[in-house]
Amino acid sequence: MMRIVIFLLTNLAVMVVFGILLTCVGTHSSNTVRLMIISGLFGFCGAFISLLMSKFIALRSVGGKVISQPQNETEHWLLNIILNQAQKIGITMPQVAIYNAPDMNAFATGPSRNNSLVAVSTGLLQNMPRTEIEAVIAHEISHISNGDMVTITLISGIVNTFVIFISRFLAQLTAGFIGSNNEESNNGNKLVYMIVSTILELAFGILASIIVLWFSRYREFYADAGSANIVGCDKMIAALQRLKTSYEPKVTNNIKIFCINGYQKSLSEFFMSHPPLNKRIEALRYGTYMK
């Protein structure tokens, strides 16, 4: 709840600062005020809808099935491990789901520490020793305990507000500077506005995604450290080493950011949701992020 309050106050502060700056430079108008409100609402609403529906969206994306009543020994074991770790860390027992995928993977999502979901792939259950699965689950439990899913979603909402407002505001200025007031020019102004706003939204959207992905990489180190605190550093290192042999995850990008194995081919680490596995292992060995 505190994160959501901070998010609301941050968005409000951003809009107020923009309003003051625009007034100082003499570009404050009813159109600009309307754009500020629309940008803020899109930033708010998009983030909140994504947050509230995160479990539903995640399950639909991977075809996961929630375990309500365990049907076999593996499901019994999985529920017991997650329950024990949740109690140890002091959070409400998450919902538990299994989804069919060959890669060794797991993810956590949900709107709060006490309303969350942990999902594991069949590939993880079939190909990883249980001691290492415990470490993977502890990694996801740490994400929930740290509130990482909520924070990443709220950061996305804030940067989306910036992207929408700045791109459309600059597009308005460009269209107004190029055009005039006759009818033919007004049609041209609209075209200029659409082209410029689209280009700027794409460009600023890339910059915004770099910010969100940086935060995601940063929090992965702390989730690894949290897992090491719960089950031991050796188990977490062994799990990460085994993930090197896994298939590339087949989940969608909005889910991949929450997976323990977010491997992806990229020209630059800037566009990766997870740090390279070797860096994560090195951080654990040196205790860089251990509390």
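Cβ coordinates come from backbone N, Cα and C, glycine included.
What Swiss-Prot records for the Zn(2+) site is HIS139, HIS143, and among GLU73, GLU75, GLU220 the residue it adds there is GLU220.
Across the fold, the C-alpha of GLU140 (active site) and the C-alpha of GLU220 (Zn(2+) binding site) stand 10 Å from each other. Below 8 angstroms of C-beta separation, residues 7-8, 11-12, 14-15, 95, 109-111, 115-117, 149-150, 153-154, 156-158, 160-161, 164-165, 168, 254 of the same chain, each at least six residues beyond the ends of the transmembrane segment (37-57), sit close to that stretch. Only residues 6 or more beyond the boundaries of the transmembrane segment (195-215), in the same chain, are considered here, and those with a CB under 8 A from a CB of the stretch are 151-152, 155-156, 159-160, 162-164, 166-168, 170-171, 174-175, 257, 270-273. Of all the recorded positions listed here (GLU140, GLU220), it is GLU220 whose C-beta has the fewest other C-beta atoms within 10 angstroms.
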